[in-house]
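S.K.: Per TrEMBL, the features are:
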type: DOMAIN; residues: 57-161; note: domain 'Ig-like'
type: DOMAIN; residues: 167-261; note: domain 'Link'
type: DISULFID; residues: 213-234; note: disulfide bond
type: DOMAIN; residues: 264-357; note: domain 'Link'
type: DISULFID; residues: 309-330; note: disulfide bond
């Protein structure tokens with residue numbers, strides 16, 4: 001099976017009586033006007049015009065970083081009430097239970113909460129600065145954050161979106177197609193240096209060219225697959241887009257997984273040879289490294305254009321190779337991507353090996 005990247009390509013009866021047609025046109029116009037008005041005037045936008053104590057994030061409310069980065073989410077006070085607190089929260093609509101508070105602070109001190117709180121602090125560049133500083137970004141940190149000024153009946157807030165730069169890759173069990181329930185898919189991604197992708201991450205991957213015909217779990221428990229070139233075996237005449245199966249039974253339904261990974265420290269490198277799977281593991285170990293994970297190989301390909309026209313073992317028992325400069329003798333496919341040979345027999349098949357070292361060198365593609 002080959003994992004491909006394509007250029008984005010968007011696609012876009014009976015007799016009706018005049019009376020019905022006129023009603024339909026009127027309803028359509030009303031619907032369009034309502035949609036247009038809703039886009040311009042939402043409760044959140046209306047509320048933003050009335051902010052008394054907080055400034056709307058200037059220019060953009062989006063912040064982007066890579067795994068391991070330190071970032072700052074802006075929140076600036078316009079003026080201070082006599083008594084107030086600032087509460088930072090990560091908004092997670094699918095989460096059941098208490099909200100995910102990161103920290104609560106006032107003019108003198110702050111109290112961190114939970115896993116995110118241990119990596120969070122207030123920037124305090126000046127007296128009116130309530131911006132949140134997050135260190136050592138993790139894959140799960142992507143999402144929407146709320147900065148809320150708590151002041152009795154005059155509470156108000158702004159939201160900021162944090163995006164982790166990375167790459168989505170489809171992942172299938174060595175036992176074949178559609179073998180993971182939700183928890184197994186989550187564990188499979190974690191084992192390959194990733195996490196289950198969010199819908200937004202899958203959508204971005206689709207706009208960048210991801211075309212994949214097998215349905216996979218996402219972080220919120222829904223199942224989707226991205227199609228750029230419609231074909232009979234992938235939804236037939238439906239237009240290109242993200243095909244959705246909706247929410248599925250996390251315990252009993254089984255699909256593949258869409259995983260997300262980002263840049264990490266260390267390096268991936270290839271060792272040529274004719275190794276069985278076991279021999280490949282020893283070869284990496286002799287170099288002070290270990291066999292690379294799928295996420296590590298994808299990160300090297302995505303962030304550093306790792307290009308190696310040689311099939312090699314990976315730690316999960318699959319055989320793949322990354323191509324950033326497509327050419328006829330490297331799979332014969334005109335698009336860049338990570339090519340897959342599936343899961344060959346570990347004893348009878350021999351290949352080179354892709355290794356991962358936590359120490360970077362000038363001779364190796366750095367992750």
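Keep in mind that glycine also has a Cβ here, set from the backbone N, Cα and C atoms.
In TrEMBL, annotation is done automatically, which means it is predicted and not curated.
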S.K.: If one looks at the chain holding residue 234 (disulfide bond), which residues at least 6 apart in sequence have a CB under 8 angstroms from its CB?
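M.R.: Expected: 213, 225, 227, 243.
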S.K.: I'd like to know the mean pLDDT over the domain 'Link' (264-357).
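M.R.: That region's mean pLDDT is 96.
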S.K.: Within the domain 'Link' (264-357), count helix residues (DSSP H, G, I), strand residues (E, B) and coil residues, in that order.
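M.R.: Counts, helix then strand then coil: 21 helix, 29 strand, 44 coil.
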S.K.: Using DSSP, how many residues of the domain 'Ig-like' (57-161) fall into helix, strand and coil, respectively?
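M.R.: Helix (H, G, I), strand (E, B), coil: 10 helix, 46 strand, 49 coil.
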S.K.: Let me check the 10 A CB neighbour count of residue 330 (disulfide bond). How many other CB atoms are there?
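M.R.: Taking all protein chains shown, residue 330 (disulfide bond) has 16 Cβ neighbours within 10 Å.
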